[in-house]
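Student: Handing you a structure now.
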Amino acid sequence: MTVIEIEGMSKSYKGRHVLTDVSLQVEQGEIFGIAGPNGAGKTTTVECMSGLRERDGGVLRVLGLDPQRDRRELLPRIGVQLQEAALPDALKVGEALKMYASFYDKPADWRKLMDEWGLADRQRSSFASLSGGWKQRLFIALALVGNPEVVFLDELTTGLDPSARRMTWGLVREVRDRGVTVVLVTHFMDEAQALCDRMAIIDQGRVITHGTPGELITQGRTESLEDAYFALTGGQAA
Amino acid sequence: MKGITQVVAVELKLIIRDPMSAFFALAFPTIMIWVKLRSGKPLPGGLPSVDANVPMLSIFVIGLATLVILPATLAQYRERRVLKRLLATPASPGMLFGAQWIAHMLMALLGTALLIAIGAIGYDLSAPANPGIVVLAWVLGALSLSGIGFLLGAVVPSGRTATVLGLSVFFPMVFISGAVIPRESMSGSMRAIGDMLPMAPAVQTIRNGWEGHAASPVAMLVMVGICLVTAGVAVKAFRW
């Protein structure tokens, strides 16, 4: 079943075209990766999908709904983790989960969620006192607190140390294994290769290619996804 | 209004945990009243100083909560993308702002209660002659100044900028609107300038109510007008 359908989506800010032609499909229960250089339009694509921005043109359906027109119906069914978003410094882990749970009609049991994601020991820790990996763990838990069918994770592992990154990968797989469809924005090709069932590469506001990581490697006639990425985006491999 | 009690509770905790805002809202007015009532001299006209200072300083506390702390909170939330994250939940914006407002009002109420308690226990404060007008003046003053605070908080990009901007609106306003210096101790020209500022009707109405003078309906309408206009513009201009 197709969960997200995008056809020819475009968006410009103040006359600058950020998205010119984005088309892709995300299937239920997969981890779908969106990769591409900085400024390619990855975040804008995800923000349009999660109802945070309005597209200018094209077709966009998430769970059969238009994120612009049907925002109110869509928001209870999706979860997001935003790039560089934060919580107030003094907010405690338990308070954040409890408050976010109160926004939904049928929330997950936030205490149970806190246990499942290993946050119970840190229930009384303030957001500011958490390390990067624990902050991301909390953000994932917050994205799941409304029992969503789709979650959007934008640069979840940027700035994390290698062990926290590996830990976070495990968490993303766990989300998928619960039957939640995951849309993952990432810069890291090792991450895309390790996690994504399928992925799209966006460059200059359009999807230049999509497929499984294996298909992309074949397409780029290279040995690794990273080399394929450079071959396909025309970037310079170091 | 799903979740409003949760958000109010969380915001109140955050305000209390922030030493700056707790100090400004509670300790600062306490120090002010002590400094101002030390001499014990009545005001020109014979009114005991405490009977002017307690209502005046309660407007000062409202001003701090609404013009300084409220916009700083909103702007900091914008800067750190807390607002954006909330926008991606089913929480209604009306609920979120309502909860913010209530939390800041509760803080102002606590500051006011503290002032009244200190005035009553330490300085023989007279009971308000017209409590209904006092409450009305407090609420209308809070609404009009909150409108201005929301307008500041609606567009300012960062918490620091909002604090600087808020303080630069707040301090001149409290000094010449009669919230720190009693109106009867000010020169005529200063009073004339002060009367044009949006805090003046709140100060005048609450003092009139406390002393038992007739309150001006015009002043009350001005406060309602300020609230509607500023809140309307804030909603239009709001950036997440």
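Here the Cβ of each residue, glycine as well, is placed from N, Cα and C on the backbone.
If you look up TrEMBL, you'll see B:8-208 marked as domain 'ABC-2 type transporter transmembrane'. Taken from TrEMBL, the feature transmembrane segment applies to B:20-37, B:57-75, B:96-121, B:133-155, B:162-181, B:218-238.
Set these features in their place in the structure for me.
Tutor: Long-range contacts of the transmembrane segment (B:20-37) within the same chain, counting only residues at least 6 positions beyond its ends with a Cβ under 8 Å from a Cβ of the stretch, are 49-50, 53-54, 57, 60-61, 64-65, 68-69, 72, 107-108, 110-111, 114-115, 118-119, 122-123, 180.
Sequence-remote contacts of a segment are chain residues at least 6 beyond its ends whose Cβ falls under 8 Å from one of its Cβ atoms, and for the transmembrane segment (B:57-75) they are 11, 14-15, 21, 24-25, 28-29, 32-33, 83, 100-101, 104-105, 107-108, 111-112, 115-116, 138, 141-142, 145-146, 148-150, 152-154, 156-159, 161-163, 165-167, 169-170, 173-174, 177, 179-180, 199, 202-203, 206.
Listed by sequence, the residues of this chain that lie at least six past the ends of the transmembrane segment (B:133-155) yet keep a Cβ under 8 A from its Cβ atoms are 55, 58-59, 62-63, 66-68, 70-75, 97, 101, 104-105, 108, 112, 162, 165-166, 169, 198-199, 201-203, 205-206, 208-210, 215, 220, 222-224, 226-231, 233-235, 237-239.
Remote same-chain residues near the transmembrane segment (B:162-181) are listed as 32, 56-57, 59-60, 63-64, 67-69, 71-72, 74-76, 148-149, 152-153, 156, 190-191, 193-195, 197-200, 202-204, 207 (criterion: CB distance under 8 Å, separation of at least six residues from the stretch ends).
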Student: Below 8 angstroms Cβ to Cβ, which residues of this chain, lying six or more residues outside the transmembrane segment (B:96-121), approach it?
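Tutor: Long-range Cβ neighbours of the transmembrane segment (B:96-121): 1, 3-4, 7-8, 11-12, 15, 21, 25-26, 29-30, 33-34, 50, 53-54, 57-58, 61-62, 64-66, 69-70, 73-74, 86, 138, 142, 146, 149-150.
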